[in-house]
Ligand code: DX5
Ligand code: ZN
């Protein structure tokens with residue numbers, strides 16, 4: 001079985017000590033950097049933008065997984081590629097022409113991801129799943145770190161896994177929001193491949209150990 005990946009969410013890092021926190025992730029057993037970009041329109045919060053991502057990618061030594069919570073993401077696909085994004089995830093709810101957006105992301109040499117809000121049914125991906133490298137299932141309403149995990153996510157992971165299998169796709173399933181040691185194992189058992197964890201990692205006392213333990217749990 002392929003190994004399950006851990007992606008610490010930099011949204012929960014200490015921005016006054018960003019280089020320290022990036023180095024911690026570099027040295028840890030984490031697999032990816034998860035980077036949340038919020039525009040204050042698609043979600044009721046603004047996180048950080050291009051200059052901060054540029055600084056992160058200059059120091060990050062692992063895959064950069066960018067989660068765009070912005071309207072009309074097509075405008076910035078090229079820019080995010082230039083800033084070092086390896087995976088670029090757009091929201092299904094923010095894309096009028098999702099198929100075109102996915103092709104544009106791939107044309108820039110990135111993996112193409114689609115995020116689904118908690119209220120969005122898996123069935124909307126029926127006709128695009130074979131074009132998607134990663135589906136990010138939101139297990140909280142996007143916009144903020146530190147929220148409680150929505151239990152219905154387990155059902156959605158199973159439904160998504162069934163869709164991927166039925167269509168013969170090789171799409172990865174990522175879970176984003178409220179991930180801790182309490183739900184990690186059940187999520188991978190349901191079919192998850194990538195676990196994003198923000199507060200659980202960065203608010204813990206021994207961050208590298210927290211990542212190590214989460215990774216061991218996900219691969220147990
Ligand atoms: C929420 C973001 C998440 C967030 C996760 O909108 O997409 O990536 O940083 O944070 P935690 O793990 O604290 O729920
Ligand atoms: Zn995210």
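Using the three backbone atoms N, Cα and C, a Cβ is placed for every residue, glycine included.
Taken from TrEMBL as is:
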BINDING   9, 67, 143, 144, 145, 146, 176, 177, 178, 198, 199  substrate binding site
BINDING   34, 36, 67, 176  divalent metal cation binding site
ACT_SITE  36  active site, proton acceptor
ACT_SITE  176  active site, proton donor
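Checked against ligand 2, the binding-site residues 143, 145, 199 give no residue with a Cβ under 6 Å from it.
Of all residue pairs in the substrate-binding list (9, 67, 143, 144, 145, 146, 176, 177, 178, 198, 199), the one with the greatest Cα separation is 16 Å apart. DSSP assigns residue 34 (divalent metal cation binding site) to a strand. Residue 67 (divalent metal cation binding site) sits 11 Å from residue 143 (substrate binding site), taking the Cα positions as reference. Here residue 176 (substrate binding site) is positioned 9 angstrom away from residue 34 (divalent metal cation binding site), judged by their C-alpha atoms. Sequence-distant contacts of residue 176 (substrate binding site), defined by Cβ-Cβ distance under 8 angstroms and a gap of at least six in the same chain, are 9, 34, 67, 115, 136, 137, 138, 139, 140, 142, 196.
Taking each of the binding-site residues 9, 199 in turn and counting other Cβ atoms within 10 Å of its Cβ gives the largest count for 9. Other residues of the same chain near the substrate site, with their Cβ within 8 Å of the Cβ centroid of 9, 67, 143, 144, 145, 146, 176, 177, 178, 198, 199, are 11, 12, 36, 140, 142, 147, 196. There are 23 other CB atoms within 10 A of the CB of residue 178 (substrate binding site), with all protein chains counted. Taking the centroid of the Cβ atoms of 34, 36, 67, 176 as the divalent metal cation site, the other same-chain residues with Cβ within 8 Å of it are 7, 9, 11, 35, 65, 66, 89, 136, 196, 198.
In this structure, of the binding-site residues 143, 145, the smallest number of CB atoms within 10 A of the CB marks 143. Taking the Cα atom of each, residue 36 (divalent metal cation binding site) and residue 143 (substrate binding site) are about 9 angstrom apart.
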